[in-house]
Number of protein chains: 2
Amino acid sequence: MKDELVRALDACDGSALLSLAEDVHYADLAGFYEDLNDEERDFLLKTIGPELATDVVAELPYPLIEEALNHFKPAQLRVLLGNLSDDDRVDVFQVVSEEAQRRFFALLGPRDKELTKSLLKYDEDTAGGRMTTHCGRITADMTVKQAIAVLRRDKDNAETLSRIFVVDAEGRLVGKVRLRDLAFNTWDTPIRDIMEEALEYVLASEDQEEAARILSRYDLIVLPVVDEFHHLLGVITYDDALEILQEESTEDIEKLAAISGEHSEVSYLNTKVVVHYQRRVTWLVGLAFVSIASGYVMFRFNNLLGRAQLLSLFLPMVVAAGGNSGGQAATMVIRAMALGEIGPGNALKVAWKETRTGFFMGISLAIAIALFIVFILPRFPGSGYDFTRLAISVAVAITIQVLSATVLGAMLPLVARAIKLDPAVVSSPSLASTVDVSGMLIYFTTASAILHL
Amino acid sequence: MKDELVRALDACDGSALLSLAEDVHYADLAGFYEDLNDEERDFLLKTIGPELATDVVAELPYPLIEEALNHFKPAQLRVLLGNLSDDDRVDVFQVVSEEAQRRFFALLGPRDKELTKSLLKYDEDTAGGRMTTHCGRITADMTVKQAIAVLRRDKDNAETLSRIFVVDAEGRLVGKVRLRDLAFNTWDTPIRDIMEEALEYVLASEDQEEAARILSRYDLIVLPVVDEFHHLLGVITYDDALEILQEESTEDIEKLAAISGEHSEVSYLNTKVVVHYQRRVTWLVGLAFVSIASGYVMFRFNNLLGRAQLLSLFLPMVVAAGGNSGGQAATMVIRAMALGEIGPGNALKVAWKETRTGFFMGISLAIAIALFIVFILPRFPGSGYDFTRLAISVAVAITIQVLSATVLGAMLPLVARAIKLDPAVVSSPSLASTVDVSGMLIYFTTASAILHL
């Protein structure tokens, strides 16, 4: 399918391109669009026209939307913007430049203007900013027949009719029915008799991640969004939950690797080198300067390395073991927080669990290394060392280093959350750079004490 | 609600507990169960009985399921196992011990036995292993009225009726209709006239992640699962997609932090210390021994550090910059692969992008460090060094280190995928340990050449 699209595009064969584009799912067409150059994008959009382009534009990564819309003339844009579902339209307004915002807004019809303005009130990351106002909405005093008539009128607008919400005269959420309950009951059944309580809902001001977690926890297809007076404002659907949770995972993964800034939305290959560079260089330079602290400790204790050269053999090990174990602990805690399993309130329990885990890991590592130093190392040619003392010294240092790094790694994300920072700012590299310093200090202090250097 | 449950449980007040449990969502009840001790779990399960416990058991983390089922007598178990939906029942059989598998299987009715056996054929991680056979299923020659009659008969069994699938006389998938199309059309409309092609489907043998990606890409509520002859076997639903993608993200995050083994399913706090220990200690010990290679390079070049002590100041920096930049690149590539954006076929493009990104990052870092060495470092007391030469030496080393680590970090996950390994085995710590060695070598070689040591 993709090859045929490419061929039609290369041949500038508009009618072939149009008929192919009509058969392709808009998600695929959006993916195809992303990989094109400016000229090809222009030809594709002009060929398919504003109606077909509506769904494609709604699927595009945010940074590509404004440019895509600028390919259309005002009259076409008016059609396209009018066709967008209200939540997609708000997304568009949230991601384009202010200049484009004004220009696009002027093209909207009076009802869409009002609706868009009311939705733009909500922050992009809240349930309100993510919801659509299009949902099945009936009242309890209707019969099944009346309800079906109402829903049939709106059916093309409703995001999903899997759940239909029942509101009172003031528009407050009072219950829900399933479409199957309408389809399978006699037409004169009153809605009141078949509706259930709508126990799950979310406030419009709530974080969108909270909405996604509720959808996921209760396996909901549609989650109603209400204001503080319980008025039904709109719904968030299962596909939003998927998107939100995927975005969140991607952000956590990237932050854990010390990649800063928003995930670019554009696919990896379509992200420009300068953007890749920008998202990584800040942390890289920052962490490099933090490493000077480790270097300074090494510099200070350099004479120790001169006096007992074998010490250098285990310095990287002790240092790295801290970064590794701390990173493991931080990752476990950050993910458990993202999955809603723990919060700052569990800090003590987490600390106790990680103290034991860190201790056992440290001891295991210490024993393995000590055995290596006592039994394997003497077989290599070298000066006659006191291998037992060296083993004790390295073992003690590595136990302290792993234990302290594990507890620190587990606690820092909880502290970050407690002071309202994103837990994932505690990236593995920043943690590693920190415990590098402590690792050097622990190693040299232990060595000079035990080896009498 | 939770407090009330705790109070009823503490007071051993069965009737209060039962009425509370009936009001709570089963997902919440499962979460509550997880936090109880053995005695409390027994009391809770016996109080709520097998009917209510069915949904709770299906929601439990896998490792808790067998123990939960063992609280019931055979007659109760027969009810509970019979009540489970077929995909949940297969999950149960896949996670319990062989002994329990035999014992539970004997309790099933003849139809459930056959169904379970046929579903157990499919690997746990495939679309077939994840699907439910309960789905709306009609034929094209029915009228809307006949279809509604068929669906009404099965309505309690069907996982979701949002999409109803149309099969031919041999049970091959030929199309789909939406429940709303049935509800909003006249009763004598033939299904043939309102059905659409079912373009999206997945083979039962396909990986479950592929099914999740299709559901997510096309915003589907239900995805049909077919065999190689296009027979409709069952469906996978949106909530499976959510679960699969969340599991996958968690696994990737954990692997990236060198945490091995399956994600435990049990929440962080309910995971025993010994499990936490087991999942982390292997990599920790393995990586520690890899670090001896770095230590050996340091040991070999120790005399260099003795001759130019200031070199130690920048050694940790050069080494860490490799681990950090390599980890960033590996993370970007692994995530892009997980999101289906790139594969081994894009290796050249990725290499070129990362070469440029790595080069610019290396140069930026080099300039920052060189400026620091030339302008800031001389202000501190110390012997008269040739700071310009030192700056050049460190700058050259860090550029090479960042560039090579970035390209290596980006390539290794692609290589892993190409040889059918999980890309996320290339964890940040294992990458860091590898480029630590090259970093040491690069640093000392550059220094001895440029500083004539």
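Each position is counted from 1, following the chain as shown.
Cβ atoms here come from the backbone N, Cα and C positions, even for glycine.
Here's what TrEMBL has on this protein:
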{"type": "DOMAIN", "residues": "B:131-194", "note": "domain 'CBS'"}
{"type": "DOMAIN", "residues": "B:195-251", "note": "domain 'CBS'"}
{"type": "TRANSMEM", "residues": "B:281-299", "note": "transmembrane segment"}
{"type": "TRANSMEM", "residues": "B:311-338", "note": "transmembrane segment"}
{"type": "TRANSMEM", "residues": "B:358-378", "note": "transmembrane segment"}
{"type": "TRANSMEM", "residues": "B:390-411", "note": "transmembrane segment"}
Quick tally over B:281-299, B:358-378, B:390-411 of CB pairs under 8 Å to the transmembrane segment (B:311-338) gives the top stretch as B:390-411
Can you name the far-off residues of the same chain, 6+ from the ends of the transmembrane segment (B:358-378), with a Cβ under 8 Å from a Cβ of it?
-> 310, 314, 317, 321, 325, 329, 387-388, 390-392, 394-396, 398-407
In the domain 'CBS' (B:195-251), how many residues does DSSP assign to helix, to strand and to coil?
-> 24 helix, 16 strand, 17 coil
DSSP-assigned states of the domain 'CBS' (B:131-194) in counts, ordered helix, strand, coil = 20 helix, 18 strand, 26 coil
